Amino acid sequence: MASERNTGSSYHYGDTKNAFIQDAGDTRVLSARDQEPAIENNIQEGFEGIHGDTAYDIKDMLRLGKKQEFKRNFSFISTLGFISIYMATWEFVLVSLAAGLVNGGFAGLFWTFLGTVLCYSSIVASLAEMESMAPTSGGQYHWVSEFAPASSQKFLSYAAGWMSTLGWLASVASSVFVCSTLIQSLVDITDAEFVFPNWQYTLLSIAFLVITIFFNTWGARSLPMIETVSLFGHVLCFVVTIVPLWVMCPKNTAKDVFATFVDSGSWGNIGTACLVSQVSVLYCNLGSDSACHISEEVSDAGLTVPRVMWWSFVLNVLLGILMLITMLFCIGTLDDAVNAEVPYLQLFVNTGSNAVAFALTIILLVLIFSGNITALATTSREVFAFSRDRGFPFSKWLSKMERKRNIPFNSVYATAFWSAVLCVINIGSTTAFNIIISLTLLALLSTYMLSIGCVCLKRMRGEPLPPARWSLGRYGLAINVFAFVYSAFAIVFSCFPGSLPVDTSTANWAPVVWVGVMLLSFVTYVLHGKKHFTAPVTFVEGIRTGALQGTE
C-alpha cells in the first residue's frame, strides 16, 4: 500500500487497506492500474467501502479521476424508483399524451406510441452502455469530453453541459407547473367556472418547489426510501387507476381504437401527422438518464445504473401502453377528447362519478409531485458535477458539499431558484413560459445525439473504449448508429408546429429557444469556459494531462 504523507491535501480511503483517491490540492496522479491487483482482490472479497462503495466503484472513480464525496446509499430498487417515478409514463400518458390525438386520432396515437418507444429504446440502450463505461454524475457532458475527438471535445463537452442543465431546469419548472394544473383540475370537478389567474399558478408552483427543496436537503437521507415507496406507489396506483376506468366508463370500439386514423392537424397525410405526434410520445418516455446524475450515490453504479435505466424503461413502457389502451377505449368520442380543455379530466368524469374523478386526480398529483423530487435531485447533481469541472460562474460555491449530509446544498438551492424564476415568467406570459419549458425535449435529445455520436465515431475508427459491464457487445455500433440517426430524426419533428396553418400563437417556438441556448453556451464558453472549464477527460486514467480536479 502506498504510504500516506502530509502534502497539503488529504486522502480519502475508499478501501482502508489497499485503494485511495486523492483529494484536490495534490497534483500527483494516482494510477488505477497501479492498484489493479489490490482492487481485483477486493472485488473477489465483495468489499464495501466507508461510503458504501464497492471495489468496482473505487476502480471506476480512480479511472475517472474523481473524488468520492457522496454516500452511496441508493440500491437497485431505490434507483429503479428514482427513474420510474420521474419518467411516470402512465401518468403522463393521461396528463399530456391526449394532445397527440389531433395528429393521427386514436389509432394513429396508439401505433405511433409503439413505433416511437421501439426506436427510442436504442437511445436508452446506448446511454446505458456509456453509463457503464463512465458512471459519473456528469453524464452526457462527461461522455462527450471522453469520447469526442481531442480537437473539439472541450467546447462540445461545455455545450452539452449547458444544454443538459438548462433542459433539466426547464423540466423542474414544468413538473411543478403540472402539479399546479392538477390542483386546478380538482377545483374544476366541483366548480367548473373557477379559473386560477396566472399569479396563483405561479405561487402554487413555487410552493411545490419549496417542499421539494426540503426533501433534497434536510430530508435527503430519506431520499432512497422515498424513491422505493414511490416505485411501489407508481405500480399499485396504476392498478387503482385502471380498474375503475374499465369498470365504469362507456367504451369505444376496437375499430375506433386500433384502425381509425384522422389528420385533424391538416398535414395532408396520416404519415406526417403521426410523425408529428411522436413528440408527445417522447415527452412521456423521457428520463431514463436521470439516474446517471446520481451515479456517485449508487452502490456498484457501473452495473446497477445501466440495468436500472433499461428495466425502468421497459416497466414504464409496458404500463404506458396499457394505460394508453385504457384511455383510448374509455375517454369518449374523438371529438370529445380533442375538444376537452383537460382531456384526462374528461376521462375521469366519464366514469360518471365526481368522487372517483377527484380520487384519481389526487393520485396523479401525488405521483407527479414525487417525480418533482427526482427532477430536482437530478438537476442539482448535474449542476454540482458541471460546477466541479468549473463549467459555471461561481462554480466553487455551486460545487460546495454540505459535509454532514454529503449533499450539495448550494446546487440544490441554485437549481430551485432558477426554476422559480422560470415559473415567475408565467405571471407575465403563459406563452413565454410554455416556450421556455418546451426546451426540455430538444435540449436533452441534442445531448443524447451528441454523446452517442461521439462513441459511435470512436467505434467506427476502431479506437478503444473503456470496458463496460453492461455492454451492447457486437451489436453496439449498429445500435449506436440507429440511435444517433433517430435522435436527429426526432429533433427535426420536435421543431414542427402541432398543426397547420400556423400563426404566432400556434407556432412552435422551442427551436428558437434551443438555438438561443446554443448561442448562450458559445458566448459563455468564450467569456468564461475557455479559460476556466476543465474538461473531464483531463482527469481520466491514461489521458490525464495535469493536476487533479479542483486544484487551483
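The backbone N, Cα and C atoms fix where each Cβ goes, glycine too.
The structure displayed is predicted, hence computed values, not measured ones.
Quick look at what TrEMBL lists:
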{"type": "TRANSMEM", "residues": "76-102", "note": "transmembrane segment"}
{"type": "TRANSMEM", "residues": "108-128", "note": "transmembrane segment"}
{"type": "TRANSMEM", "residues": "166-187", "note": "transmembrane segment"}
{"type": "TRANSMEM", "residues": "199-217", "note": "transmembrane segment"}
{"type": "TRANSMEM", "residues": "229-247", "note": "transmembrane segment"}
{"type": "TRANSMEM", "residues": "267-287", "note": "transmembrane segment"}
{"type": "TRANSMEM", "residues": "308-334", "note": "transmembrane segment"}
{"type": "TRANSMEM", "residues": "354-378", "note": "transmembrane segment"}
{"type": "TRANSMEM", "residues": "407-427", "note": "transmembrane segment"}
{"type": "TRANSMEM", "residues": "433-457", "note": "transmembrane segment"}
{"type": "TRANSMEM", "residues": "477-500", "note": "transmembrane segment"}
{"type": "TRANSMEM", "residues": "506-527", "note": "transmembrane segment"}
| message | Using a threshold of three or more Cβ pairs below 8 Å, and leaving out pairs closer than 6 in sequence, do the transmembrane segment (308-334) and the transmembrane segment (229-247) count as in contact? | response | yes
| Positions on the same chain near the transmembrane segment (407-427), where near means CB under 8 A and six or more residues out | 70, 169-170, 172-173, 176-177, 198-199, 201-202, 205-206, 209-210, 212-213, 216-217, 220, 376, 379-381, 383-384, 387, 397-401, 433, 436-437
| task | State the non-local partners of the transmembrane segment (308-334) in its own chain: residues 6+ outside its ends, Cβ under 8 Å from one of its Cβ atoms. | result | 76, 79-80, 82-84, 87-90, 93-94, 97-98, 101, 105-106, 109-110, 113-114, 117, 121, 124-125, 127-128, 131, 235, 238, 241-242, 245-246, 249-252, 256-257, 260, 262, 284-285, 288-289, 291-292, 343-344, 346-347, 350, 470
| task | Using Cβ atoms only, state whether the transmembrane segment (477-500) and the transmembrane segment (267-287) have three or more pairs under 8 Å that are 6 or more apart in sequence. | result | yes
| task | Considering only the recorded stretches 108-128, 166-187, 199-217, 433-457, state which has the highest number of Cβ pairs under 8 Å to the transmembrane segment (267-287). | result | 108-128
| request: Could you tell me what the rest of the chain brings near the transmembrane segment (108-128), counting residues at least six beyond its ends with Cβ under 8 Å? | output: 97, 100-101, 140, 257-258, 261-262, 270, 273-275, 277-278, 280-282, 285, 288-289, 292, 305-307, 309-310, 313, 317, 320-321, 324-325, 328, 448, 451-452, 455, 470, 472, 479-480, 482-483, 486-487, 490
| Beyond the flanks of the transmembrane segment (76-102) by at least 6 residues, Cβ under 8 Å | 109, 112-113, 178, 182, 224-225, 227-234, 238, 241, 264-265, 277, 279-281, 283-288, 290-291, 294, 298, 304-305, 307-309, 311-313, 315-317, 319-320, 322-324, 327, 331, 334, 337-338, 340, 343-344, 347, 364, 367-368, 370-371, 373-375, 377-378, 498-499
| field | Close approaches to the transmembrane segment (166-187) from elsewhere in its chain (Cβ under 8 angstroms; 6 or more beyond its ends) | value | 95-96, 194-196, 201, 204-206, 208-209, 212, 286, 342, 344-345, 358, 361-362, 364-365, 368-369, 371-372, 375-376, 378-379, 382, 415-416, 418-419, 422-423, 426, 433, 436-440, 442-444, 447, 517
